[in-house]
């Protein structure tokens, strides 16, 4: 490409070339657009001419030219009038102004028109402006892409004009045709790209839609022509039509998906009023809805549906209404809970239905179309977790890449200036608040920059440390206290259940209502302690708001995770081993119900929080305190609540495969309630909010403690806790994990030739060695990636140095140009004076 | 589509879909919005690509732009004639660049254009002053503005010419994680 362009320049007069080629070549190579080439070339030709005769004019022709140059210059310096000249004059003035720093003496001088002309045609100045520049830039891009792909049709598929030929080089010398031919080449390149790449390129081009449409039309025409030229065989014609049809349907599918996206207008209203920060809460909620929909689709398709088609037995308990709260009662023996699922292979025909519950084998002819419920249960839950994990890790890494760029820069002020205006905000008052915010932030930044860091005295620092220490002590102490409280309370409940089990004359309704006490206590703690943390947070002073936010998140997270830890211990360590002592036939059902209750309580307390914390507080502060300020929506705490709820849902999938539905309903309601509450009660946040970094952190939190914790619990349950002996798909097994082995044994018994498979299972799946190998490989991959990032960081710093050097070079060249021009000007004057004396 | 009146042919819609970040429905909605701005100027039928333009004053009154301090610059940057008259194509272009899907490079180019008030392809002190005054609604004192300009140029200027070229700007934008989410207007 570069070579072509170099050749395409009209050569300057022969002998001069050799002399100045070394100076010229870098400039020439960096020039892309033909239109620029002309301008630069002309200017340099003059420069070359200058060099060759050392300022001494040799011919009258040249003298004339100089004269005209001088005239032009003086015209340039004259004040211009009229709107169309205004801009040009301003440009010149601003150039002078901007470069009039004291640092560089040469830059202080006014530049001549030639220098300005060259400067204005430099490639970096024409980016985004010059159509030719853009087209040739994209020409290069497409070419690169094409080379990388290497999957293009062979050369005979090209139309003659797209093949590189000597003639096309000649054509490019002619600058009027250059753009046309460039465009033709771009069209060719685009045509040879696969459709998806082509569309991506087209969309990314900084050209106007009209122009893009034209290019697209040209590409399409060319494609059609080639297709008709080739005289398609029937087969490839069919292929062509299939491709077109597939594309059409893909587009309609896309627009269908798009119309599925819920809450578009609501989201727009929120973002118009509160900006990116509050919007990120609702977007996070939307992501959670999608995760749950996915989870439910998986469990619904592979567990609930097959089991619902083959109900094992009917056991109807009357519906009392309390079920909605406790999840127990008539809900117990439905597809909602683990205990309902069969431990045998589901038959294909319904006449086998109702066969022995503990039958684990069926006749061999139905086995071909059968559905092994224990295996399905095991793998569905496992795969659901695995895929969720992959999606989460993927989106986590993506947002990481987006929000934490490799090289942390120190240009905060620039970023503030150019990227802090939220173009989404459209409400007048919010706009006002935002510009005030930006003003104060800029002032703060300035104060920080101008004043050198004042050394705080030892006493002050000590005081601050003391305050932090006290704050952390309070937080940790209260969290530990709550943990202990929940621990003993759950023990008490457990003991109470044991006693009640012996005592037969207890109202069953009372018994069920009692079950609600533990979730209520935990939810109360979850509501009150964050408020305490907030109070403590006001006591402290932090240097930056982001540290403050991180500390608050850390404390809330500590609380929620410790609560969940205690609860998991209660369920898996206390209820599971001695479930018979509290009168349960199926502890998995019990845990599932508990999780249902927790989810519900969490929802109810979110409602209460919205009502009291936002609505009533707003009314109170408006009516009683007569303050105009409304409460600010606490994004971090609300997101953490969502994460807590999601952890509960993930924990519960194993015990209650329908739990994602409950979670989806809950999230829908929360969305509408929070949306209306925010619109009604809150005002735009005053603090700056780094939306993308916070989103990254929340996704990370959703992955690392939440999903990881839930999957550790689920894996532990599957691996080493004995399932209930009289219900659920794993009732005859020691652990759920044995389901695979059990199936293997059956398979081996039925079909001895498959014993290899069974052996493989014993060696590979049950051997921890391979687990270690897998983990090791994973770690190695992570290590390599971090090394690559490290290398890239080094390259970036090298490139930055290089940019600086280039800048120096540019300055040097401009100065050189300027001095040469000066010489020329002096020579002209001298000649003029000689003329006049003659 | 199945409406009583065809606004675009299928072919046109396909072309829009290929060239912008919008789906068919959104293109139709955009046309509706465009038509709303000047019902007497803009025809409903766009099948033969009528040549009509809406002046800046009308476009700037859209609720999406009305409160934006850079509204005039946004519209001007997307108009071919530089005066702020937008044809439907340019209108679509504007919201396509400002949409969620547009890549960082594309957004950076147009953001650069928007902030380049005097259209000299550099962000110099004058541009920065204007930007700052618009951002803060002239709340900063002239000295403060001066200082911010100086520091900003000092921070972001890589090649030492005391103004920000597109390369400097792009380099800075590539490290501002919030840029993608803030340079976005929902339509």
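Cβ coordinates come from backbone N, Cα and C, glycine included.
Curation plays no part in TrEMBL annotations; they are all automatic predictions.
Features as listed in TrEMBL:
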| type | residues | note |
| --- | --- | --- |
| REGION | A:1-112 | region 'Disordered' |
| COMPBIAS | A:22-33 | compositional bias 'Low complexity' |
| COMPBIAS | A:56-68 | compositional bias 'Low complexity' |
| REGION | A:146-178 | region 'Disordered' |
| TRANSMEM | A:278-305 | transmembrane segment |
| TRANSMEM | A:375-395 | transmembrane segment |
| TRANSMEM | A:465-489 | transmembrane segment |
| TRANSMEM | A:515-536 | transmembrane segment |
| TRANSMEM | A:557-576 | transmembrane segment |
| DOMAIN | A:586-692 | domain 'TMC' |
| TRANSMEM | A:596-617 | transmembrane segment |
| TRANSMEM | A:638-658 | transmembrane segment |
| TRANSMEM | A:664-682 | transmembrane segment |
| TRANSMEM | A:694-719 | transmembrane segment |
| TRANSMEM | A:769-786 | transmembrane segment |
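Taking DSSP states H, G and I as helix and E and B as strand, the domain 'TMC' (A:586-692) has 80 helix, 2 strand, 25 coil.
Beyond the ends of the transmembrane segment (A:557-576), by six or more residues, the same chain brings 475-476, 479, 482-483, 486-487, 490-491, 494, 522, 525-526, 529-530, 533, 582, 584, 587, 590-591, 594, 598, 640, 643-644, 647-648, 651, 701, 705, 709, 713, 716-717, 721-722 to within a C-beta distance below 8 angstroms of the stretch.
Counting residues 6+ beyond its ends, the transmembrane segment (A:278-305) has Cβ neighbours under 8 Å at 262-263, 266-267, 270-271, 335, 341, 376-377, 380-381, 383-384, 387-388, 391, 424, 633, 635, 638-639, 642, 646, 649, 653, 657-658, 660-661, 663-664, 667-668, 670-671, 674-675, 678, 682, 684-685, 691, 694-695, 698, 702 in the same chain. Tertiary proximity for the transmembrane segment (A:515-536) is limited to same-chain residues at least six positions away from its ends with a CB under 8 Å from its CB atoms, namely 325-326, 328, 471, 474-475, 478-479, 482, 485-486, 489-490, 493, 552, 555-556, 559-560, 563, 567, 593-594, 597-598, 600-602, 604-605, 608-609, 637, 641, 644.
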